[in-house]
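Here the structure comes first, spelled out in C-alpha cells, and everything after it is commentary.
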Amino acid sequence: MTELEQQIQGFLGLLKEISLLEETDALLGWDALTGMPEDSSEHRSEVTSYIAGLAFEKSVSKSMADYLTYLSQHQEELNSDLKKMVEIVQKNYDLNHKIPQAEYQEFIKVISQADSSWRKARDAQDFTIFEPSLAKIIAFKKKFIEYWHKDEKTPYDVLLNQYEPGMTVEILDAVFTELREGIQEIVKKINEKGTTPTTDFLSRYISIENQRAFSIKVIEKMGYRFTAGRLDDTTHPFMESMNRNDVRITTRWDEHNFKMAVFGIIHEAGHGIYEQNIAERFDYTPLRGGVSMGIHESQSLFYEIVMGSDKNFWQDNYELLQSYSEGKLDDIDFETFYKGLHKTAPSLIRIEADTLTYPLHIIIRYEIEKLIFNEGVAVSDLPQIWNEKYQEYLGITPENDTVGILQDVHWSGGSFGYFPSYALGFMYAAQLQHSMAQEIDLAAIYKTGNYEPIRQWLTDNIHQYGSLKEPNELIKNATGEPLNPRYLLALQDKIYQEVYHY
C-alpha cells in the first residue's frame, strides 16, 4: 500500500468514526422528541453532550489536521469524491478553529440565556425583554464574520454561505425582488376579481387513525420506504436521518384539521425520500447527507407544494381520502375540495401562511437580516422595521411583538442567514418541476397512481449526489439554467387562477 493509500484509508476511517458518533447523536435526538420520558431530559443531555463532544474532538484533532494537510498537497491524485470530502472537512475545520475557544463558550452561554429571554418576551408581548440578548448575539455574529470572512462581497454573504453554499446578496436581491413583485401582482388580481372558495369542510372530523392510514398510502406512492423509515408523533414535526437506511419522519395531529397532518407528512416524507436515495458510496462520509437547506427544502416542497397543489394528484387521491373520512367528505365534490385547499389570505404568522404569501414572510426576514449585518441598523429599531414591512408587503400590521418580530425562534439561536433557504426551496422545486415536465408526462403519471418515475427523476438529478455538488451546480445541471423565480410565479399563477378565476 502506498503512502497516499494509507493516508486515504486513515482519513476515511476517521470520518467513519465521526459518522457513527453523529448517527448515535441523531438517534438520541429523535428519541428525545418522540418518546423519551420527561424525567430523563437532564441525564439525556449529558449523554448527547458527551457523544457530540467526542465527534467534535475527532473532527478538530491533530490526526484530522495531518490528514487534511497531506491530502491537500496531493489534490491532483484524488478522485472527485475525495476532493469534495477534503474540501468540506477543511471548511468545517477552519470554522471551528478560527473562533477563540473562550469567545465561543461565551457565545454558547449567551445563546442558552437568550432562549429564556425570548420566551419571556413572547409571553409579555414585549420585544425590549429580548432586545439585550439579541444585541449580544448579533455582536458575536459580527465578530465571527470577521474570523470567517474570505472573499465574500458583504458580511451577510458569509452567513448565507453557511446554509446555502454559493448564495449571495447579489443573487437574492434580484430573485427576491422579482418574486415579491410577482406574488403581489397575483394577490392584487385575487383581491380585485377573485371568487373566494368554500373552506368550512376542512375542519370536519377525521380520526387520527384514518388520517395516518391515508397519509401512509400517499407517501408510499411518492416513494418513501417504510423498510428504511417510520412515522411517529411529536410536537414539532421533523425528519431525522441516521443513514440512508434509517430515515424517520414525524407529525402532529388535529382531528379537525386533516390538512395540517396530511401536508405535513408529505413535506417530511419529501425530506426523507431525498436522504433514502443518496448514493451508497457516500456512507460514513460528509457527502452522505443533503447538500444545503435550500436543496433539502426543495425536495420537501416539491412533494408538499408542487405535487400537493397539482389537480391531477388530488384527482388520483381524493376518492381515497373520502374513503377514510367515514362519510364526512361525501357531500363535497372534487372541485370544491380542490379549491378549498388553496384559499389564500395574508397572515401575520409565517408558519400559518398559505402557499402564495409564504415567500413574502421570508423576504421580509431576509431584508431585515441584511439591514442588521450590511447596514448596521440598531436592534431597538427592528420591531418598527418589521411592522412597516408587513404593512408594505402583506397589507397587515402586527398588533403586538409576539405575533410580530418575536414569532420565530431562529434569531435566539443565532441562526442568521437561514431564512432564505425556505424561499429558495420553493423556487428550486418549481424550477425542477418545469424541467421534469419536459421529460415525463406528469398528468399521465398521476392518473396511473404510480409516482415512481417522479421519484426516479429527482434521484437521478438531485438525490443521488448527496453533498457532492454545490446547490447552484445541481440546479444548473438539472434544469439547464441558474435559479429562476419565474417558474414559481408561473406555478402560483396557474394554481390561483384556477381556484379564484381572476
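Glycine is no exception: its Cβ is also placed from the backbone N, Cα and C atoms.
Database features (TrEMBL):
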BINDING   His267, His271, Glu297  Zn(2+) binding site
ACT_SITE  Glu268  active site, proton donor/acceptor
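Structural mapping of features recorded in TrEMBL.
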| residue | record | contacts (Cβ under 8 Å, 6+ apart) |
| --- | --- | --- |
| His267 | Zn(2+) binding site | Pro237, Ser300, Leu301, Tyr303, Glu304 |
| Glu268 | active site, proton donor/acceptor | Pro237, Phe238, Met239, Ile249, Thr250, Thr251, Ser300 |
| His271 | Zn(2+) binding site | Met239, Ile249, Gly290, His296, Gln299, Ser300 |
| Glu297 | Zn(2+) binding site | Ser421, Tyr422, Leu424, Gly425, Phe426, Tyr428, Ala429 |
Cβ-based neighbourhood (8 Å from the centroid) of the Zn(2+) site, residues His267, His271, Glu297 excluded:
Met239, Glu268, Gly270, His296, Gln299, Ser300, Leu301, Tyr303, Glu304, Gly425
